[in-house]
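Here is what TrEMBL says about this protein:
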type	residues	note
BINDING	C:M70, C:G218	substrate binding site
BINDING	C:R146, C:S191	ATP binding site
COMPBIAS	C:10-25	compositional bias 'Low complexity'
REGION	C:1-25	region 'Disordered'
Amino acid sequence: MPTPSATPVSPACAGAPATRATAPPVSPAAVGRALADLRAHAPLVHCLTNHVVAHWTANVLLAVGAQPTMVDNVEEAGPSARRADALLINLGTPQESTTAATAHAVAAAERAGTPWVLDPVGVGGLVWRTRTALDLLARHRPTIVRGNASEVLALRGGAGGRGPESVDDVATAIPAADALAREHAAVVAVSGATDFLTDGARALRLANGTPLLTRITGGGCALGALMAAFSAVTPDPLLAATAATATLTVAAEHAAARSTGPGSFAVALLDDLAALTPTSASDQVRLEAQR
Amino acid sequence: MPTPSATPVSPACAGAPATRATAPPVSPAAVGRALADLRAHAPLVHCLTNHVVAHWTANVLLAVGAQPTMVDNVEEAGPSARRADALLINLGTPQESTTAATAHAVAAAERAGTPWVLDPVGVGGLVWRTRTALDLLARHRPTIVRGNASEVLALRGGAGGRGPESVDDVATAIPAADALAREHAAVVAVSGATDFLTDGARALRLANGTPLLTRITGGGCALGALMAAFSAVTPDPLLAATAATATLTVAAEHAAARSTGPGSFAVALLDDLAALTPTSASDQVRLEAQR
Amino acid sequence: MPTPSATPVSPACAGAPATRATAPPVSPAAVGRALADLRAHAPLVHCLTNHVVAHWTANVLLAVGAQPTMVDNVEEAGPSARRADALLINLGTPQESTTAATAHAVAAAERAGTPWVLDPVGVGGLVWRTRTALDLLARHRPTIVRGNASEVLALRGGAGGRGPESVDDVATAIPAADALAREHAAVVAVSGATDFLTDGARALRLANGTPLLTRITGGGCALGALMAAFSAVTPDPLLAATAATATLTVAAEHAAARSTGPGSFAVALLDDLAALTPTSASDQVRLEAQR
């Protein structure tokens, strides 16, 4: 396993000094500390997510040491978001009622100063959710936006994927991610074989993971939920997004090593999210500065 | 594993005679017989439950030997409840439509003399579901009410938990549980590290289980569903609630012994619910009289 | 394991020549080729299914090598169906909104020439979904209709089951299945211990499987989704339905052989769906001509 400084880096910005190019803006040690903080605080994460992954997402949060709450009706979404430590908005299977609940939850979270994550599943190809996502971005400021390359491109006018999977490479979405991050003062995380994370000024890549994460439903959705959980325990959204990605993908590497297919992988992933130590997370995460 | 009579008991009512204090009002043998009856009758359990645990709940019921049906629309909830052997109402993720369906299902169940269980997930902290739960209790008579300590306290005016987890000890909720049971002529079951069950006159504690039940989503929701299933095969609701708790928590002990984390525990729990014999249930349940 | 030609066959049509009676209208080799084609094309399958099995269904499709998309709102169901390679309509937990979305999706699929599968879960016993199913059959032409015996009988005026399980034998539903198939120019698949599949002219039985498929939620629902996936890669709907049934039931036999109960069976089934080779599918499927 390469250490971060031993990993070849292709700086996106050729003029950047060599020292900035080789030291990622988030350190592996900070990732480990964030995981320890999450376990110590067990943040309450309010998830307005799609019904396909609701059970899985709640189990991921419990496994890692957070507390999920999944209230998605108009009456209670605002009050629930107000008392939570973080909020996740995932647009996977919107209905009229849950979309209205989303608006209440986001408004309540922002009034309370609570961090929130936008996971714009499937935007671009489908008009309604794309309008919802753009409207949220126009009126509010998410702490973190997480999507695959096609989804991030779609938030800047791209066509999106055909289904929930990306049809674009992570590298293709880097300019859009940087622009989005600067425009909305948010961290933007582009998920893929190598993850790209940026806050518009600082950027990094994360090279952990396994293809099995694409053979189960809700790998990306779980990542969005973990980003919300970590955003409750650190004031640095880039650290939160990085620690969440590291936690999921390092645990996924452990799980893949003892799985015989996607079913046993999903089970092992929950076990390994619970078993992952801060030391393993910081030792095994493969971070690279992007510029 | 202590036998019930060897377990130290602190009688809640100091004036109670010694013999009543040491013999629980439900016997381990009756628990075993109830499980055998459930397997023999395979009751059809109509679940109006939250969408997060719907799949899990149906699998728990199938594993133990019952038949689930999960109809939650306004048009069909009444007819479905009418033909079922028992009904579960779980308020975890209410929507307008499912709340309306709940009212139809409860009315149909009561007209048919069908037992029903109320699981008031998250009441207290959230206004809408609290009103729904109190309204159901004002107009109808559930066979069993199951909740954690905070939820049971909230039905008597308490503040409730912050999320779906309890912030109160089971012991704190005993007076509220007894009062609720007497007021509504229902069994009230307070879930926790030690479970407390009362019908207002008879009360007992059950000391099985594993902390892993709190690391997966829907441990309590599964318990409510099992109580509905058992209420279809015994006329004594206190036995139904006790047998359900024993079945889940003894199977959970078996599952915990061969699990490596919350993911493998949930899988093993389904296997062990299917494998649990009436003899193991009666031999391993740890019942204590409460007064 | 008997080869198809060695299996005793009771021809439904006594006048059929002996050679037709012993050679099933779909060959094991064609089943294997269909699985290879599915893996090669990874079809996008749009599922409008019940919320109980949505997560499970998506994982089954990913495991076998297809791509799920689960959009079920009125705004996006039509556009999503239009771009998908196949569509699944499963009536397990209808709501007003998803029923409206179903109508849009079916219309869009038919306009695009996209194959679609109707899984009429629970029809007969429940009025609303029965009307929805009959209305879909009156206005549209599904590629495949899949149900248990009670559901297939209910589409011809039968009473249906009491819950989601069948109360009728597969054999009892054969005349209704044949009549439905001819009337709607569709393949009708009756699921049970032995599966019966017919396009009104050709018919066959498939004798793989395990009782564990009835001890987990969504065995039948997964089969409907797989039929949709296979219908995207072959122009012969009888082959699509047969290949889907073979894939699920042969993988289920593999999974049952290494499971200790319903929980571990469901996990192993996902692994074995991913691991199943076209050669294993064609070697192990037990097909018999019906007439």
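Every residue gets a Cβ built from N, Cα and C, even glycine.
In this structure the C-alpha atoms belonging to C:G218 (substrate binding site) and C:S191 (ATP binding site) are separated by 13 Å. Within its own chain, C:M70 (substrate binding site) has C:H46, C:C47, C:L48, C:T49, C:A54, C:T57, C:A58 as residues 6 or more apart in sequence whose C-beta sits under 8 angstroms from its own.
All protein chains shown were included, and the count of other CB atoms within 10 Å of the CB of C:S191 (ATP binding site) stands at 29.
DSSP assigns C:R146 (ATP binding site) to a strand segment in the three-state reduction. On its own chain, C:R146 (ATP binding site) has C:V117, C:L118, C:D119, C:V188, C:A189, C:S191, C:G220, C:L223, C:G224, C:M227, C:A241 as residues at least 6 apart in sequence with a Cβ closer than 8 Å to its own Cβ. Taken residue by residue with DSSP, C:G218 (substrate binding site) is part of neither helix nor strand, so it is coil.
Less than 8 angstroms from a Cβ of chain A: among the binding-site residues C:M70, C:R146, C:S191, C:G218, that describes C:M70. Counted within 10 Å of its Cβ, the other Cβ atoms near C:G218 (substrate binding site) come to 28, all protein chains included.
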